[in-house]
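Trainee: Mind having a look at this structure? Questions to follow.
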Ligand code: RP5
């Protein structure tokens, strides 16, 4: 679907993941990218998760999916949509998020999930913005300015 303004979905597996998503929200607001934030669980609400993912390309440009522990949510969502899915491993267990990271990054071939660092919410949103430049060139300039500000901060 051709959208005139970027819109993405952020999906997390539990309300307990919402705190970490604030990092995504901050970046997306800065880049003027609209988003819907949903809590959907691949194991607690499998039917609703499937329904969401099957219809997502009618509404969104891409999906950020964050989950912890046995974090199959991004992979399951990716299996039902051709939209790019960015997986955000959330540190929510006694294994320090290594379990989430491996569950998300180790997708078997055929259904890729672009995985960012454990609790890498800002990078998940930034990667989303980079992908969105393919369709919304105005975001390019915002990314260039963002990097310039970052460099200035390092050098000041
Ligand atoms: C995953 O299990 C969620 O993404 C969350 O990170 C983790 C723990 O969920 P709660 O037990 O806190 O709801 O499904």
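Every residue gets a Cβ built from N, Cα and C, even glycine.
TrEMBL lists 14, 17, 44 with the feature substrate binding site. The domain 'PurE' annotation in TrEMBL covers 6-154.
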Trainee: Go through 14, 17, 44, the listed binding-site residues, and name the one with the sparsest Cβ surroundings, counting other Cβ atoms within 10 Å.
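Mentor: Output over binding-site residues 14, 17, 44: least Cβ neighbours within 10 Å is 44.
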Trainee: For residue 14 (substrate binding site), what is the secondary structure by DSSP, using just helix, strand and coil?
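Mentor: It is coil.
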Trainee: For the domain 'PurE' (6-154), what are the DSSP-based totals of helix, strand and coil residues?
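Mentor: Its residues divide into 73 helix, 27 strand, 49 coil.
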Trainee: Starting from the Cβ centroid of 14, 17, 44, which together make up the recorded substrate site, report each further residue of the same chain whose Cβ lies within 8 Å of that point, ordered by sequence.
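Mentor: Filtered neighbour residues, in order: 12, 13, 15, 16, 39, 41, 67, 68.
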Trainee: Give the subset of the binding-site residues 14, 17, 44 lying near ligand 1, defined as CB under 6 A from any of its atoms.
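Mentor: Correct list: 14, 17.
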